[in-house]
Amino acid sequence: MAQLFFRYGAMSSGKTIEILKVAHNYEAQGRKIALMTSGLDNRSGVGTVASRIGIHRKAIPITEEMDLFEYIKEMNNHDLADGDGKLACVLIDEAQFLKRHHVLECAKIVDEFNIPVMTFGLKNDFQNHLFEGSENLLIFADKIEEMKTICHYCGHKATMNLRINNGKPVYEGEQVQIGGDESYYPVCRYHYFHPNVVR
């Protein structure tokens, strides 16, 4: 039975490497996948899944108005008509940027087509608010898994994302800010509030 998965973690927890690995494993077995990512993320070009260690590949960009259920239905029907067989899996990177309707469409893909949907993304933003996509995945996903990484400052488990601009922590501003001069670091709770304190 297919399931809707949400794998979340702080910045630099290996989410993108993991999704690329899963895609490779399916394709190495001759299975067809749909690799998708947020159309908002243009750091490496729209429709590109790119890891920090330099591995990247093209993906289907998800727009705000896109109906994922209808898109996958059409893709699946086209593949069946061409004799390629149905999709084995839908993989979505940067899932925090999904809208509620996208998450519900993912659940419908799982329930009606029996195709697993694996989503990867951040849980909370730099202000420690849930992203819309993450909040709805926490509600509707069948399986939720945390991907762990360590604090940029002390090496303890990181659970938060700290935005830094000109060497100073930023706690206010737009939730989504792609391509600016800011840097984001995975941090523990203590260093989220005290980034300049050595422990």
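The first residue you see is number 1, and the count goes up from there.
Each Cβ is built from the backbone N, Cα and C atoms, and glycine gets one as well.
According to Swiss-Prot, the protein has these features:
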type	residues	note
ACT_SITE	Glu94	active site, proton acceptor
BINDING	Gly9, Ala10, Met11, Ser12, Ser13, Gly14, Lys15, Thr16, Asp93, Glu94, Ala95, Gln96	ATP binding site
BINDING	Cys151, Cys154, Cys188, His191	Zn(2+) binding site
> Looking only at Ala95, Cys151, Cys188, which of these binding-site residues has the biggest number of Cβ atoms within 10 Å around its Cβ?
Replying inline: Ala95
>> Long-range neighbours only, meaning 6 or more apart in sequence with Cβ under 8 Å: which ones does Lys15 (ATP binding site) have?
In response: Arg7, Tyr8, Gly9, Asp93, Phe120, Gly121, Met147
> So how far apart do the ATP binders Gly9, Ala10, Met11, Ser12, Ser13, Gly14, Lys15, Thr16, Asp93, Glu94, Ala95, Gln96 get, largest Cα to Cα in Å?
Replying inline: 15
> Taking every protein chain shown into account, which of the binding-site residues Met11, Cys154 has the largest tally of Cβ atoms within 10 Å of its Cβ?
Replying inline: Met11
> Want to know which recorded positions, from Met11, Ser13, Glu94, Ala95, are within 10 Å of His191 (Zn(2+) binding site) at Cα; which are they?
Replying inline: none
> Cβ distance under 8 Å to Ser13 (ATP binding site), same chain, sequence separation 6 or more: which residues?
Replying inline: Met147, Lys148, Thr149, Ala158, Pro186
> Using DSSP, would you call Asp93 (ATP binding site) helix, strand or coil?
Replying inline: strand
> Of the binding-site residues listed here (Met11, Cys151, Cys154, Cys188), which is spatially closest to the residue listed as 'active site, proton acceptor' when Cα positions are compared?
Replying inline: Met11
> Relative to the Cβ position of His191 (Zn(2+) binding site), how many further Cβ atoms are located within 10 Å?
Replying inline: 23
> What is the Cβ neighbour count of Gly9 (ATP binding site) at a 10 Å cut-off, with all protein chains included?
Replying inline: 22
> Roughly how many angstrom lie between the C-alpha atoms of Cys188 (Zn(2+) binding site) and Met11 (ATP binding site)?
Replying inline: 12
